Amino acid sequence: MKLLAHIFCLALALALFDAVAVNEHGVPYFFKGDHVFKGFNNDALLSNESFPELDDHHHVDHVDAAFHMHFDDDPSHEHMFFFLDDNVFSYNAYKLEDGYPKKIHEVFPGIPDHLDAAVECHKGECDEDSVLFFKDHDVYHYNIQTKAHTASTLTTMPNCTAALRFMDHYYCFHGHMFSKFNPKTLEVPAEKYPKEARDFFMKCRNYSKCDHTEHSERERCSRVDLDAITADGAGHMYAFRGHYYLHKAHGSDAYTADTIENDFRELHSDVDAVFSYNNHTYMIKGNDLYIYQVGEHNTLLDGYPKPLKDELGLEGPIQAAFVCDNEHTAHLIKGNHIFDVDMQTTPHVATNDRPLTHFKKINGAMCGADGVTLIDGNHFYKYESIMLMVASKMLPEAHKVSVELFHCDH
């Protein structure tokens, strides 16, 4: 199995997945050639070991597209669909449904053969329970209930070779890169994508060593904006970007990188804001607040995540948050305003609304003995105090994040 995993990762180095879908437990299945890689850290298996009928009807040297159907309003939930050339296979509990395989146009009228990718889209995330089918530059939005579809042209990112809905987010893979996208508009977040898929989705053994690039160097010297940053009372610093975070221990100049999922499993990726207080890490994502007990293994407190509005008095999105050393006030930046939250008083209420007018977009903030650090894109700015930061009429000297914060040479 180790050899199969190694071969699979070598294949990924050239062209990534043929198809991706989650099973009924939410575990991603990555298909490449006649193999499937289940989850993020397991070995590659032959696809026909789990789905033998694919070989009975069509030698499975590849899968064109796949998706998992689980819609609350649809009786045919918990099905996995596989598309091979002009055929579609429907599995329930790893058993092929009676009557399958069928021609694609019989099950999904108006959808072409030889697809590139497919992904389910739930009502609320799309207008109705739908499936997005990708072929070349065309995207077909297929309504599960009415069987009607609309077509659009993909202009916001490269063609999708595979697509995935994972933890309420949508991803399009192209080659060994991927982009996160909005399933309704197909828009991609600005300045963040595409990213290297092998670093985020497929934990190939020794990939970084083979690529001669350590995760820490890549994350330190990346020009992609940070999502969040924090420094705790012990002097440790943490910076978050996408699926990864950097850590620098107090008194050290060395940075180490790891996946957010590895140390903050429930979050997975894409943190909005983080601050440290009273030996806990407060992590904000959307309208949810996650609080972790700091330790050898970060532990999510019972009952979390909880609504951000209930816990800190503001609704998301929050751009940045910080607590200064030996203080008990959390400062939350929302849009171009900063709010104070007294952490010693319950219920927590956001007060003291003040404008911050000099910044286009604040990506992160932290506060320590040397004052407040605000990060705006690829630059950061230093203030001796919050009062001076709020009262300032001009921007202070700009410092480059990669060079002066993370000690890169560019």
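Even glycines carry a Cβ here, placed using N, Cα and C.
Listed in TrEMBL:
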{"type": "SIGNAL", "residues": "1-21", "note": "signal peptide"}
{"type": "REPEAT", "residues": "60-111", "note": "repeat 'Hemopexin'"}
{"type": "REPEAT", "residues": "112-156", "note": "repeat 'Hemopexin'"}
{"type": "REPEAT", "residues": "157-204", "note": "repeat 'Hemopexin'"}
{"type": "REPEAT", "residues": "268-315", "note": "repeat 'Hemopexin'"}
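Here the repeat 'Hemopexin' (112-156) has Cβ contacts under 8 Å with residues 19, 64-71, 73-74, 81, 83, 85-86, 104-105, 162-165, 168, 170, 172-173, 181, 183-184, 186-188 of the same chain, all six or more residues outside its ends.
Across the range of the repeat 'Hemopexin' (268-315), the DSSP-based residue counts are 5 helix, 21 strand, 22 coil. Counted with DSSP, the repeat 'Hemopexin' (112-156) comes out as 0 helix, 24 strand, 21 coil.
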